[in-house]
Amino acid sequence: MAGNWKMNLNHLEAIAQVQKLAFGLSDKDFAAVEVAVLPPFTDLRSVQTLVDGDKLKIKYGAQDVSAHDSGAYTGEISGAMLAKLNCTYVVIGHSERRQYHGEDDATCNAKVKAAYRHGLTPILCVGEGLEVRKAGGQVAHTLAQLDGALKDIPAEQAASVVIAYEPVWAIGTGEVATPDDAQEVCGAIRARLAELYDADLADGVRIQYGGSVKSGNVAAIMAQPDVDGALVGGAALDSDEFTKIVRFRDQ
Ligand SMILES: O=C(CO)COP(=O)(O)O
């Protein structure tokens, strides 16, 4: 279960938020579910210090990474910098980056490669917009994004990738995909991974659903065979709500 905070919570608020999560979750929760937070870049050093100092079991990562390793790229953050902060994950190709920053599949592919060069695990986001969904093209569209982002990524690397299926029409809209909608595309993603690599690798890859996940709808989505986790936006800003999402099994 990963919380994508997007552009919310400064570094002081981040410390409070991670402390609340750590307080609310038990060893039993961490044994059952991997929990990660994905704060803004400026929070990461504070989160690292807290996680290290208190030996918390919460993982963390960034919301984006540069395709480049260093140099004259004003405003960008390299994979090496994130690795130095002990980030485990980095989100790549979130629909908001595709939409507002013009990131295409080639950009995502370059960023996936950059993540692996620096030992970071990509959470690769894919998913269709409303027009594509209305036309019934969600599977073809999402698989094309998957193919593009994983181009030339060898099996040793792809084995650890996390894929987040986030239908754009369900992000921040309260319009959650039905469990069947989520399963249709997440199942197709796993089948494509088996074609691109092999069935063992595909079975081992974690596929998340994202888009208006809340404590009230997470259990039904998680019950789908090809949904292994959730990438949570708005509900991850409320520590009680995110704690309930992590505890979806108790419902
Ligand atoms: O974009 C998302 C997570 O990356 C989903 O956002 P919401 O949970 O706010 O719909």
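Keep in mind that glycine also has a Cβ here, set from the backbone N, Cα and C atoms.
TrEMBL: automatically predicted annotations, no manual curation.
The substrate site in TrEMBL is built from Asn4, Trp5, Lys6, Gly172, Gly233, Gly234 plus one of Ser26, Ser46, Ser212, Ser215, namely Ser212. Local packing around the Cβ, expressed as the count of other Cβ atoms within 10 angstroms, is greatest for His94 among the recorded positions Lys6, His94.
Cα separation, Gly233 (substrate binding site) to Glu166 (active site, proton acceptor), rounded: 11 Å. When the binding-site residues Asn4, Trp5, Ser212, Gly233, Gly234 are checked against ligand 1, Asn4, Ser212, Gly233, Gly234 have a Cβ within less than 6 Å of one of its atoms.
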